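Engineer: TrEMBL lists these features:
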DOMAIN    104-331  domain 'MacB-like periplasmic core'
DOMAIN    374-483  domain 'ABC3 transporter permease C-terminal'
TRANSMEM  105-124  transmembrane segment
TRANSMEM  368-393  transmembrane segment
TRANSMEM  422-445  transmembrane segment
TRANSMEM  451-475  transmembrane segment
Amino acid sequence: MMRHFSLAEYWRALRHQSEAIQLQPSAHRIARNDSCSKDGTPAYPVFPSLSGSFVKSWIAALRTILPPHFSRSDQQQVLQLARLVQVRNIRTAVKALTTHRLRTFMAILGVFLGAFMLTLVMHISNAVGLKVVHESERLGARIIDATAGRVALSRGIENRAGGMNAATFTLTDVDAIRAGVPQVELVVPYVLGHATVAFGRNKTSCPLLGTGAMFDVIRNMDVLHGRYFSQVEVTHKALVCVLGYDIADRLFPSPAAATGQYLRFHTAEMLIVGVMQKKGQDSSGVNVDEQVYVPVTTYIHRLNRQDHVSGALLRITSRKSVPRITTAVTTLLRERHHLSAGIPDDFSVVFSEQVNDMQAKAMRLVRVLGAIGAGISFSIGTLGILSIMTIIVRARRLEIGVRRAVGATPTNIVCQFLLESVLMAGSGGVLGTGVALGIATAIYSVGFLPAFYDVSMVIGIILASVCCGLCAGAYPAWQAARVDVIAALKD
């Protein structure tokens with residue numbers, strides 16, 4: 001005869017299962033020897049077996065065996081306690097990992113490094129890609145840079161060191177390009193240098209840039225206060241200058257106060273006619289807000305006493321004519337520099353998008369190398385968790401035997417150890433991505449790179465870490481499920 005159990009008896013049965021063993025007993029076995037009455041009927045209700053983490057299926061099974069005389073509130077109380085029984089599995093796994101902290105740390109270190117490396121490399125490389133796009137948009141898509149000496153692009157960045165200091169490019173070359181290549185609509189020479197400037201007691205060292213009158217136009221730069229110097233001032237070698245935002249902010253009470261003041265150089269004083277809008281760093285890593293701009297003729301004739309410039313920016317009429325214009329400029333400069341066949345150029349003609357393309361290729365290479373390094377770290381982390389979980393299974397043979405003896409199924413054991421390995425790998429993935437995002441945020445705050453965050457990428461990396469935990473815990477969990485109960489209890 002089927003016995004009807006009261007709500008109190010269901011509570012006692014569930015408490016008995018949750019406190020005596022964190023893994024639920026089989027439906028075909030009684031949890032304890034004293035759980036039967038004298039007539040052989042169970043003293044407590046027998047619940048179906050719980051297959052690991054499948055809580056919903058277990059709750060659904062419980063609903064099917066609850067007697068109809070239970071009210072809805074009674075059923076909800078029983079199901080609530082049943083859920084608490086399952087939560088004890090997670091608590092057991094967490095306790096097992098926190099008991100041996102050093103062992104757990106060594107196990108998750110590889111996964112941590114893999115997640116950290118992959119997250120940081122991908123976010124920084126994508127931020128650099130955004131920077132290249134922004135820089136290309138700022139410069140425009142029709143700019144050719146003709147420079148003195150050779151400019152190396154082999155490493156993905158425009159290496160100007162040494163080459164632009166060569167005395168092979170003059171203002172007469174600039175005039176020849178302006179007159180001899182009709183597809184070039186605007187030519188602006190420039191020369192790079194360094195100077196110490198002062199206003200009152202405030203003194204600072206900064207990059208000094210001698211430019212033509214339309215430099216702000218060709219570089220798409222905006223003047224915040226005042227104006228940029230004119231062609232008349234360039235022609236007459238006027239002692240005027242324009243300050244970058246940070247220089248003006250450092251030397252004066254406010255950038256607006258700089259206009260109309262005189263800035264002292266080592267050999268002259270110059271009238272400040274304008275302050276540039278804040279821009280930050282360009283793609284080559286130069287902070288344009290730290291620069292001081294003077295007429296190129298003033299720089300080479302009155303400040304530095306030289307007869308050459310660093311190069312010139314050329315704005316062309318159409319992107320389609322880039323190869324033809326590049327060839328025309330190269331031919332013109334070789335003729336002017338008297339370079340015969342077989343002698344390499346003593347100048348460089350570089351289309352702005354070539355630099356951006358090389359930078360993009362370099363970033364793709366960085367991503368590939370970062371992914372390879374992260375894959376190696378994930379593999380090492382998986383092997384580390386595998387070895388640690390194998391040691392854990394051997395150390396907990398008695399615990400496994402006791403659990404099996406009081407009713408835990410092999411599936412329960414497998415799920416318990418898989419849960420522990422997943423917690424190890426998942427925590428390593430979460431910590432790795434968290435630290436990487438923190439470092440990336442610190443880098444973004446400097447202002448060199450635009451902020452880039454990809455939530456789907458972070459979630460994917462964490463899921464990859466969890467998969468590593470599943471792969472690493474599969475074999476140890478299988479070993480744990482095959483532990484001989486009698487041998488384990490004897491040991």
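Placement of Cβ uses the backbone N, Cα and C atoms for every residue, glycine included.
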Engineer: For the transmembrane segment (422-445), give me same-chain residues lying six or more residues beyond its boundaries with a C-beta closer than 8 angstroms to one of its C-beta atoms, as numbers and ranges.
Structural biologist: 93-94, 97, 104, 107-117, 119-120, 123-124, 127, 381-382, 385, 388, 451-453, 458, 461-462, 464-466, 468-470, 472-473
Engineer: Kindly state the mean pLDDT of the domain 'MacB-like periplasmic core' (104-331) in the predicted structure.
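Structural biologist: That region's mean pLDDT is 82.
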Engineer: Could you give me three numbers for the domain 'ABC3 transporter permease C-terminal' (374-483), the DSSP helix, strand and coil residue counts?
Structural biologist: 95 helix, 0 strand, 15 coil
Engineer: Give the nonlocal contacts of the transmembrane segment (451-475) in its own chain as ranges (CB under 8 Å, at least six residues past its ends).
Structural biologist: 111, 114-115, 118-119, 122-123, 126-127, 130, 378, 381-386, 389-390, 417-418, 420-426, 428-430, 432-433, 437, 440-441, 444
